[in-house]
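**Q** Sharing a structure, written as structure tokens. Questions coming.
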Amino acid sequence: MGTAASTNADTSSHGSEDHAGGQLYVSLKMENYKLKGELVPHVYGSAPLVGSWDSSKALSMERESTFMWELSFVVPPNHETLDFKFLLKPKHGNVPCIVEEGPNRQLIGGTLQGDQDSAMFKLSGDEILEYKVFIKAHRVSPFDLAASWRAYQENFQRSTVRGIPDVSIASDTEAANEIGSQASLELDIEHYVVPAPSSANSGPVYAANMTETPRSLARTGVFSRNDSSLGSSHSQKDLGASVDRPGGMEVIVPETAKLSLGSGLVESKSVGTFSNMQKQEGHRGLFVDRGVGSPRLMKSSSSSAFAVDVKLGSESKNSMPAAAGAVAAGAVADQMLGPKEDRHLAIVLVGLPARGKTFTAAKLTRYLRWLGHDTKHFNVGKYRRLKHGVNKTADFFSGDNQEGIEARNEVAALAMEDMISWMQEGGQVGIFDATNSTRKRRNMLMKMAEGECKIIFLETLCNDRNIIERNIRLKVQQSADYAEEYDARWPDFEAGYQDFKVRLENYEKVYEPVEEGSYIKMIDMVSGNGGQIQVNNISGYLPGRIVFFLVNTHLTPRPILLTRHGESRFNVRGRIGGDSAISDSGELYAKKLANFVERRLKNEKAASIWTSTLQRTILTAGPIGGFPKIQWRALDEINSGVCDGMTYEEIKKNMPEEYESRKKDKLRYRYPRGESYLDVIQRLEPVIIELERQRAPVVVISHQAVLRALYAYFADRPLKEIPHIEMPLHTIIEIQMGVTGVQEKRYKLM
């Protein structure tokens, strides 16, 4: 066999100029589908691979899969010519030892000489065993190798937070000892306030004003002189194609008598009323699917967008949510197995005024959009104000005012028609916000929805007079019906207040509770102190999700503080992922944050601190005392997979295809063996539910991608914007939740 030695690269056909780019990374692979006993492929040969032709010193190849073995190594520039051979022998012995047939293999400058894409081994007798051989070589910068080795070594460093339990409480005394005078805030916390993004809500917002702009009225030019203040965040450009109506605004409102026994309605034996005929047997009672496992959506080879390989028919155009995991799995199942009209869902609010319908609708809209469902909120009151003006007194809402009833039914039909038209264009979930207080009105809506969408009634009932009184006052203060700039009829708050009380009495006289169809009843749920939720004929993934969300929501005001960890050592180096400790600057922020939390929450009876399981967030929370600290695996940074520990420049240089794929669609891009932003949203849903359920303040110390997703939920930002939301270090975002919606304030401590 001889003692072939490696050749100095400078004497090879490759000049020194070729080696300036770095060293060779070589990968040797062998594949065989007819394995023989315990024989393991090995490699032996010249330096620097082995440096010996002694078979007992041969290097064992590692099993990459059932039929594939691999060995990789780095070749220095002065040894770019290698002599080697493959051999088979037991992993822990030298007998039998079978060397491949043929001459030595030569690898010169990363290129295998000759045509040797297979290795032949002669076994006992005349039996020949053949392995397929794959040899690849790439030139790697020594600086990249050093950075990879450093990151590899850092991954094995002992965490500085080992031994800290998942739930812990530090005393105020311990925390005070940790905070030096340098770290204390010199000024009142209000001096650290910085402007929030222009898209954020910094003050109370009337929820009805943020609903869908009535395109049927916009198309015909029916706007009041004050329509600009009633606009929504959705531009007319996004409203889609309009649907022509013969005769302009003419709408035919069906008679109740023709609806109650019409097609698709059957008498419900359980409640003695009429309900929609179900094409598929539904579950009675509460149905909640808390699925965790999720099949991975496949990525189209011709596009960066994800596709689902199922035949759903042309009518399901754009009806799949922009989601991954459980949401995508549930949507696919509903698409394949459910009736056609179930592919679109209408949540129809029912309830007296001042019961929190619009607030509930806005919160549900925000939640469903965040999960990836194309959802819009249609407020009938907004249609009424645009069509008939804002100067309507309580008499307009009287059950004895036939003209008022027809006018209100007209705008309800317009809103329903707009919602159905939007669903035909690809919309998934419509929230229909109105009192819908009579069975006649609800039957009209069910008739219009036949064959188009599935209706679930969501009734809000409240018997707490204090809450009702508070809601009435907020309504008069915020509603366009009573704003002074709209009408001089309401010279002061008291005049509007008395008129609204009369309007409420008019509705109470004709109100009929929901007893038909699929429905969810929320009874005294808004206070967060218990209450009841009743469900009837609810089935399917999304309706079950909606019920679970509603069970956990309430109107109790409380702040939620979002902040990134203090600057980490990886932040300093520009590296992503990892589990590095915080830098000196990060330690200073941790102490300032503790001082801020102490001042901001000093009057709160209870609060909690949530962190991820990574040490940079746990260390940032360390100086905070007096509150329980809870570690959430769900709050860990987005998993960057094989890119963990790299800089974006290294990814661009070494993995250009991955870099470009991420650049094209950061929302859906999934790191190899890692996560996408859609994956992060899925694992954050339990966090959102718990934040909604909490009645005390919460401080969330997490990471950039995770906080982008959480912030997008509260700020109702579109999914496509999530990867681009600014989330600076050493900044606190205060989200104030309560009856007036969601407001935001930002503090920059460093």
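Using N, Cα and C of the backbone, Cβ positions are placed for all residues, glycine too.
Taken from TrEMBL, the feature substrate binding site covers Arg564, His565, Gly566, Glu567, Ser568, Arg569, Phe570, Asn571, Arg616. Annotated compositional bias 'Polar residues' per TrEMBL: 1-14, 223-234, in sequence order. What TrEMBL records for 18-125 is domain 'CBM20'. Annotated region 'Disordered' per TrEMBL: 1-20, 223-247, in sequence order.
Describe each of these features in terms of where it is and what it packs against.
**A** In this view, Arg616 (substrate binding site) is surrounded by 30 other Cβ atoms within 10 Å of its Cβ, with every protein chain counted.
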**Q** Neighbours of the substrate site Arg564, His565, Gly566, Glu567, Ser568, Arg569, Phe570, Asn571, Arg616: Cβ within 8 Å of the Cβ centroid, same chain, sequence order.
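**A** Same chain, not in Arg564, His565, Gly566, Glu567, Ser568, Arg569, Phe570, Asn571, Arg616, Cβ within 8 Å: Val572, Ser580, Ile582, Ser583, Gly586, Thr620, Leu729.
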**Q** Find the longest CA to CA distance in the recorded substrate-binding set Arg564, His565, Gly566, Glu567, Ser568, Arg569, Phe570, Asn571, Arg616; express it in Å as a whole number.
**A** 14
**Q** Using DSSP, what's the helix, strand and coil tally for the domain 'CBM20' (18-125)?
**A** 8 helix, 52 strand, 48 coil
**Q** Could you tally the C-beta atoms, other than its own, that fall within 10 angstroms of the C-beta of Gly566 (substrate binding site)?
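**A** Summing over all protein chains shown, Gly566 (substrate binding site) has 29 other Cβ atoms within 10 Å.
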**Q** Would you count the other CB atoms within 10 A of the CB of Arg564 (substrate binding site), including those on all shown protein chains?
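**A** By my count, 27.
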**Q** What same-chain residues, at least 6 away in sequence, bring their CB to under 8 Å of the CB of Ser568 (substrate binding site)?
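**A** In sequence order, the residues whose Cβ lies under 8 Å from that of Ser568 (substrate binding site) (at least 6 apart) are Gly578, Ser580, Ala581, Ile582, Ser583, Gly586, Arg616.
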**Q** Which value does the mean pLDDT take for the domain 'CBM20' (18-125) in this predicted structure?
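**A** So the average pLDDT across the domain 'CBM20' (18-125) works out to 83.
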